[in-house]
Each structure stands twice: as structure tokens, then as C-alpha cells.
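Q: This is the structure, below, for whatever I ask next.
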Amino acid sequence: MIIEGKIIKIAGPVIIADGMRGAQMYEMVRVGEQKLIGEIIELEGDTATIQVYEETAGIQPGEVVESTGGPLSVELGPGVMGSIFDGIQRPLELIREESGDFIARGVDAESISKEKKWTFKPVAKVGDKVKGGDVLGEVQETSAVLQKILVPPMIEGELTSIASEGEYTVLEDIAEVATDKGDEKIQMLQKWPVRKGRPYVDKLDPDVPLVTGQRAQDTFFSVAKGGAAAIPGPFGSGKTVTQQQLAKWADADIVIYIGCGERGNEMTEVLTEFPYLDDPKTGNPLMDRTVLIANTSNMPVAAREACVYTGITIAEYYRDQGYDVALMADSTSRWAEAMREISGRLEEMPGEEGYPAYLASRLAQFYERAGRVNTIGTTSDVASITVVGAVSPPGGDLSEPVTQNTLRICKVFWALDASLADKRHFPSIDWLQSYSLYVDSIEGWWAENVAADWRETRDQAMILLQKESELQEIVQLVGPDALPEADQATLETTRMLREDFLQQNAFDDIDTYCPPVKQYNMLKTILLFHKEALAAVGRGVPIQNIVALPVKEEIGKMKYIPQDEFAAKCEEIQAAITKQCSEA
């Protein structure tokens, strides 16, 4: 039943309508003569408070508000992958054809083409007992993604018919299931409410790392598949480039990139770069396994909340098909600011720094939809969603509410430091402030796939970096020459760790991605230099002789050695370290 109310008050993106008795919380509505998209966020008697996902200028009291009878939902099916959407899943390319470079108000574009035909290959057979999550057939959506057409959750019964191999639109019936409540026809298109998490059987321990090819993240502060990581940092510290690197190189099957309230130029960079980047694993365009959701800072604030939920719902859809998904949200602070603005318009009691009291629970709702799970269905797959959220604290203040509430939920914290960025140390991850609570759980994977002593090597390097900060305090008081020569050797090693290992050039063809085995061998080589340097100092060799060794230059160039030549070159460098330190 369609309910029609009338606008009685307008306050920016918040509208109050009368005559809405019978409407439901979070129901989607059409506002005014231009049919703007909105969502009911509060109900009291006959009046409904609506947040509008489009610009409300020009709307007048007395205009009609129509309910749609359902919550804000996304369309899921073939055609999602490789698309560029706005915050409420309208395809930006179609909108540009309709209304030009700026999104016209009330524009309605189909999220997924209803006319395009897809080649469907059936997998299930008539007579099979099926339930939610079972695979009915397959569609080659892009060169990189084989989409599995699943039985929607909540449907269970006997398959009475299934389409033969051929071309179908997403609205054509491809199967019919006889359930206890009658026959259910199934299409390739599914709709799902964005605020409701898709079901799974159970969550698993996150014990497999998400390999990103970035040395600082992989070796020292790993995130596990199904984990949640936060990247807080002030302006200009490299949050966006760090997230773009993860989107390009992380070993996830699917990447969802949400630009939530960020500068238009940054999203433009992503939109222009990604379609021309090749996926390192398949050689296909990276866009073939990426969904971009662009919601720039000049778009209506209410849509920021929607874009985060839209992104995580699309991620869950591909997770249900057995894929590992990486979701980048840049930045959750802008979403929190949108919540603060709408909360203020609703005249709610403010919490810390004006943010609403429910800030923590909203952040938790989002991050807790990450996880490594057993998917629903007769044959359960292991799949994951890894969430990486950027946080933009004003002035780089990590004690502000969004950062602190995010830290309570995320187990990985990559703190970006403006002073490191000013020194052109990128990625500017502060190794003293950052941490990962997944190191213990993923240690077994590294021992099995890279080296048995990976943890020991990593911890040894971390201890040296922490010791450097203690020694630097003394150096600033009395200068480096006053230190014992063994400590001077330690400072030389930590300089190499910082400059030759932690620094990584995102724009260099070779250094942009560093495989785990190469990371381990680079670290092992630097620590071998440390061991041999200490031994030489113990024999009475002056520290100046060790600092001047030619092999140091070779160690500095290790990051630029191509992968196929690295093993042989690494052995040469290690032999040269031992030889030159013994002859120094």
C-alpha cells in the first residue's frame, strides 16, 4: 500500500512529513514533485522524519511524500562488477548520458541493465534439493569474475525447473523452486536491504594474511583476510595512495572502493587510473574485478551513510559466492561528519565533540560485517570480507572520537605520520605507533609459506627500530659520536631498515609490489649486515670502515631488483656482506 504524506518542515537534508501513519522505519520514500530519494529515520505518530539523499533546495512545504513499500535496497546480479556507482547505486556513466557532468536531482537510472543479455550456464539439475546459497548456474560477468547465480537466502525446496544454457536478461526466470509456501520463481537479479547483513553459517578465525605487497603492512603490521584495519592520518600523509595501493595489489578476488565524502579530484584519479591498470595476477584490466562507489564531498551529506552500506552489501554478495573481498572506505570520518550534521538537524542530544551518542554503535555495525566465514548453502565455501577504513582526524589528533571508536573495533592500526610524509618517507606508517593484533594468528601461514623463522626475524627488526628511538634521544643531546660503536652500528642498521625496507615507491614498476618471500629475504639480509657489523666492531674495526663498505649501496638497491633475478642477487649480496665485514 502506497502511503502519501505532506511535507511540513524542511531543514537541509532532513524533511518532516505528516500523514505517514503505516510507514516503516528505514522505508525508502520519494520526496516532492521531483521524486527525490529519501529514507525514513524517525517515526512519531503520523509524522515521519526523512533524510534525503539528494539536494533539497527548492522543495516547499505541502509537497507530497510517497512511500515505496520497501527499505533502501541494492540490486545484485550480473552487471555490478566493473561499474561506477554513486552512494545509492545509481550508475554514474548512465547519469552522465542523461544529465551531463553533474547529477540532476530526481534522476532515476537503473543500477543494472535490464535489457543486456548474459550467457547463463546451469549447474544445478531438476529434482535437486536446494536452499539459500546453493549455486544454480554461472555467468561470466567479466574476464576476471565468474558470477555464481545463487538461490536467494530464505528459499528452500525442490528445484522443479531450470533454464537451459543460453542468453537471458536479469529479469527473466531462470529457475523455479517448490517450497512449503508455494512455487518461487528465481531471476538472476536479487534485491537486498543495505542495512541488513547477508546471512552466513559461522565466522572463522582470521589466520590467513591479506598479502598486499607493501613491506610495512605485510611484514610488521599484517591484516588477516576477514579482518578490519584503520588508517588514521592528517591531511597529506598518504591515506588515499595507501588505500589505492591496497586496492591494486591486495590478493583479494574482488575489490570494492568507496570514496566517501573525499575530494572530487581524488576520486577522479581513481576513476581515470583504475580502468587502465592491469591486474598483476591475471593480466586483465583491474577494473574487471573492481566496483567503485563515488560519493564526493560536494554531494549531499546523507548519501555518505548510504554509500558505506551500499558498498558492504555488494561485498557480502560476492563473499556469498566464495570470493575473498577487500573493501576500502575512504574516509569513514566524512561519514561520521554526515551523521553529526543530520543528528544536529534532528536536534538530538550531542555526544563527544558534537558527534551523536550512537557513533560507536554505527561504526561497529559497519566494521562487524567484515569477517572470514563459512557461507550458507549445501556445500559451504570459506570466503572473507576485509575492511580497510581511512580516518581523517582534524589536525591529525588521534584522540578524537572517530579514531578512538574505530580503534576499539579494528585490530590493525596503521598510523600515518605527517612528519614522516614531510620527510618524503612513504608509506608514512609510524612503526612505533602502529600495531597489528593478527600477528599471532597468521604466524603459522608465514612459517608454512615463507620461512620458519619469519616471526623471529620480524620481532628482531621491530626491537631494533624501538631501540633506535631510545638512542635518538641520546643522540639529540650529545651527538652520535658519544655513543658506543655497537650502538652506532645499530643506528646504521635501523637507518637501512627505514630507508631500504620500510620506504616503498608506489610509482616504481618493480618496487610498487614486493612479494612475501622477497620481503623476508630483504629483512634477513639487513639483519645479517647488523650481525656481521656487530661482530666486526667487537674485533675492534672502526665504525667508519663499516659505514663505508660498498655492499651497503647494493643493499639499498635490493628493492629495485626484479623478482626473477632476486634470489641469485640476494645470495651474492649476503656473501659480499660476510666477506667485506670480515676484511674491514
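Glycine residues also receive a Cβ, built from the backbone N, Cα and C atoms like all the rest.
Pasting the feature list from Swiss-Prot:
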- Gly233, Pro234, Phe235, Gly236, Ser237, Gly238, Lys239, Thr240: ATP binding site (BINDING)
Q: What count of other C-beta atoms do you get within 10 angstroms of the C-beta of Gly233 (ATP binding site), across all chains shown?
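A: Taking every protein chain into account, the count is 30.
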Q: Does DSSP give Lys239 (ATP binding site) helix, strand or coil?
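A: Looking at the DSSP assignment, Lys239 (ATP binding site) belongs to a helix.
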Q: CB neighbours of Thr240 (ATP binding site) within 10 A?
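A: There are 23 such Cβ atoms around Thr240 (ATP binding site).
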Q: With an 8 Å cut-off on Cβ-Cβ distance and a minimum sequence separation of at least 6, pull the same-chain contacts of Ser237 (ATP binding site), or say none.
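A: Non-local contacts for Ser237 (ATP binding site): Gly396, Leu416, Asp417, Ala418, Leu420, Ala421, Ser428.
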Q: Look at the binding-site residues Pro234, Gly236, Gly238 and tell me which residue has the greatest number of other C-beta atoms within 10 angstroms of its C-beta.
A: Gly238
Q: Run through the Cβ atoms and count how many others sit within 10 Å of the one on Lys239 (ATP binding site).
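A: There are 25 such Cβ atoms around Lys239 (ATP binding site).
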Q: Look up Pro234 (ATP binding site) in the DSSP assignment and report helix, strand or coil.
A: coil
Q: Around the ATP site recorded as Gly233, Pro234, Phe235, Gly236, Ser237, Gly238, Lys239, Thr240, what other same-chain residues have a C-beta within 8 angstroms of the site's C-beta center?
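A: Neighbours found: Ser392, Leu416, Ala418, Ala421, Ser428.
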Q: Just to be sure I understand the packing, how many Cβ atoms besides its own are within 10 Å of the Cβ of Phe235 (ATP binding site)?
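A: Here the count is 12.
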